[in-house]
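To start, the structure under review is shown below, and the notes come after it.
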Amino acid sequence: MNTTKGKVLNRYHVIFLAQSIMIGTGILSLPQKLSPMGYTQSFMPLLFGVIASLTLFAMVWLCSKFPNDDLFRMNEILLGKWLGKFINLLVIIQFIVFSAGIISNYMHLIQSTALQEQTITMPVLCFLLLLIYIVSGGIKSIARFCIMTFFITIGLFYFTRWAIEKGDPSHFLPLFNFTPKEFYEALKQGYFSILGYELILFYFPYIIDQKKAFRHSLIGIWISIFLCFITTAISVMYYSEWQLKNVEFSVLNLFKAGEFTFIERIDIIGITLWVFLILSSITAYVWCAKRGMDTFLKKKKQSYQLYIIALIIFFIVKMPFSREFQEKLFMASNYVGYVLVSWPVFLILIYVIRKKQVQV
Amino acid sequence: MKNKHLCIISFLIFVLLTGCSKKELKVPLEDVGMVDSMAFDYIDENQMRLTVAIPQYSPDAEKDTQTFSITTDLVSSGIVEIEKQSDKKIVFNQLRVVLVNEDFARKGNVRKIVQHLYRNAEVGNKVLIAVVKDNAEAILKGDYPDKPSINFYLNNLLEPSINTAFNPNTNIHDFMYSITNPVVDTVLPYVEKRGEKLEIKGVAIFKGNQMHELIKPEEALVIQALSGQKNLAPLHLDLNAGHGEEKVMIDLIESSVKKESNKNMESPKLTIFLKIKGTLSEYKGERESHLFTVESISDLEKDVNKQLEQDISEFLARLNKTEVDPAGLSEEFRMYHHGKWTSKKTRELIRKLDVKVHVETSIISTGTLK
């Protein structure tokens, strides 16, 4: 396996990195998150796509000014050494908590649907071992894993066909039937589901064809957006508004609509395959956190940071705090994710102001 | 050298740590009682009678079905009580049929128990729900000597089949969907026990969370046709159109329906175009000897159209008067209505609704005999 020296990511890697990181547990509950808008939600993912494209443009523009540096270096260059380091520390904590949030969410799902009689300690441990293995291969191994994930899991869409058959397309009408308040609620809760593309700020230096990075990432983003759109559209057809609001993992219930005589619960297949999607998003986040930790160390090329990160994640997931505190923590990290998406815009402002001083 | 120590230490740790592990309580498959059917009977507002039927595979047992009954207020506490009587652990993975008796459907809260099952991840989506006359417990405990077991019998009876296509085959998702959707009222098949047989007598229509009335299979067929079912049950018609009394049976029906509303909430008008394609399987009446030519068949088609239009209009008018909407006609108005839609709006609309029905029948064949 190649180690990350110099530029390693070709265009397919870039496309699928952007695509797979975006799809994690978010899409499972996307219809429920968007439910304040009722049936009109089906077109929200397209709007998200537009927002994502705009913010991606800001990110790539910023990166193209620093073609060999990731966000951690940029923070230090633009904000000064100490403030930059402080921000970097926050980013690392954010990534670790965010990953822990995704794992915890997924384990909660497994426990509530598939393995009701087991504790989640063993699954979490196995998961983290796999995580360490993939991340230690570097960003290229993550990118390859993302490509594999896409082709393995895309087949799951077949299982939604019964829901389409049963669904009622008239639910799409009337268009634009929502109040500004409902729209704001849905935007606030739903946008997490497509977070992940912002990691290009960190792997941009490794991209071979940096001039076309924007286009390639955009393709990846729109593949994901399209998948989200299909998901919400099918959910809208299949569910009543009450179900949209109250069924927690609506995608799994879509799978349940399936009618095979020899399989009682197709949703279990869905859940187990979902582990690929979870892994592909978390590995990228953990890799970024590890890169961040590198910047704090004098001696580079150490690998123990990864184990530390894995340990921290394990303790966050298994921490003896109340469920409520955990939920709040993960919620907060989601909102910090929004800050991270808009962070490049802030950095661009600083860059424009301090252009002369920071010319590389 | 260092690695060797590490190996030994970690080996020791792993060996010693096994002592700390908890003994897992896993139930082997033989000790799992998979509930196939459940029945709920109404006692009063707070109490209900819960009966479960579990297939018994032991060759030593005399009966092939275990049944347990309990009086309880909550479903899950009832299950806990039943576990005290049962030799097995009760699980719901294979649940297929849920029966509620008519009293329960009319006075109790069916939605609450179905929602409880819907919440349970173990329960699949194949659970069929039906209303039964009188006593649901008696159906599960009854003797059906010529049937393999009550579980198979009930499930096969309620499953979709072309001759009972009036049956809405309401499964757990359909029930939750229609009872929470303000534009449509829930329909459930209605089963009656007659001696050693069970019979689908008709369809129970709900108004809100309670059962409202029982309709005949012919009328239920109209609901199925109007809500877009492609294949319908054989259609039996009594014609009286200037040729004396005639009886017509049309089989293998394919139907398609189109609804057009005037989008006006104040004076709602709905036009329904129903196309029916089928085989004339039996005819009894005056024209029997003339039904060889294309012309006479098309004459018959026209009479069938008229009769159907009249029947459907009358039936819908009756439903509209009682403000129930099992066919989801108000969806045609919700589609063009901005703002929140409530079931109150459905009731108001359906009361004022003026329906026009156009039926287009085409008889594609009359069998292979001339």
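For all residues, glycine too, the Cβ spot is worked out from N, Cα and C.
Remember, predicted model here, so these are calculated numbers, not experimental data.
What TrEMBL says about this protein:
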- A:12-30: transmembrane segment (TRANSMEM)
- A:42-62: transmembrane segment (TRANSMEM)
- A:82-107: transmembrane segment (TRANSMEM)
- A:119-135: transmembrane segment (TRANSMEM)
- A:142-164: transmembrane segment (TRANSMEM)
- A:190-208: transmembrane segment (TRANSMEM)
- A:220-240: transmembrane segment (TRANSMEM)
- A:268-288: transmembrane segment (TRANSMEM)
- A:304-323: transmembrane segment (TRANSMEM)
- A:335-353: transmembrane segment (TRANSMEM)
Spatial neighbours of the transmembrane segment (A:42-62) far in sequence, C-beta under 8 Å, 6+ residues away: 30, 34, 74, 172, 175, 186-187, 190-191, 194, 197-198, 200-201, 204, 213-214, 217-218, 221-222, 225, 228-229, 231-233, 235-236, 341-342, 344-345, 347-348, 351
Cβ contacts under 8 Å made by the transmembrane segment (A:190-208) with residues that lie 6+ beyond its boundaries: 4, 6-11, 14, 17-18, 21-24, 26-27, 29-30, 33-34, 41, 44-45, 48-49, 51-52, 55-56, 59-60, 62-63, 67-72, 74, 139-140, 217, 220-221, 224-225, 228, 281, 284-285, 287-288, 291, 334, 337-338, 340-341, 344
Candidates A:82-107, A:119-135, A:142-164, A:220-240, A:335-353; stretch with most C-beta pairs under 8 Å toward the transmembrane segment (A:268-288): A:142-164
Proximity verdict for the transmembrane segment (A:12-30) and the transmembrane segment (A:304-323), three or more C-beta pairs under 8 Å: no
Per Cβ pairs under 8 Å, the stretch of A:119-135, A:142-164, A:220-240, A:304-323, A:335-353 packing most closely against the transmembrane segment (A:82-107): A:304-323
Contact between the transmembrane segment (A:119-135) and the transmembrane segment (A:335-353) (3 or more Cβ pairs under 8 Å, separation 6+): no
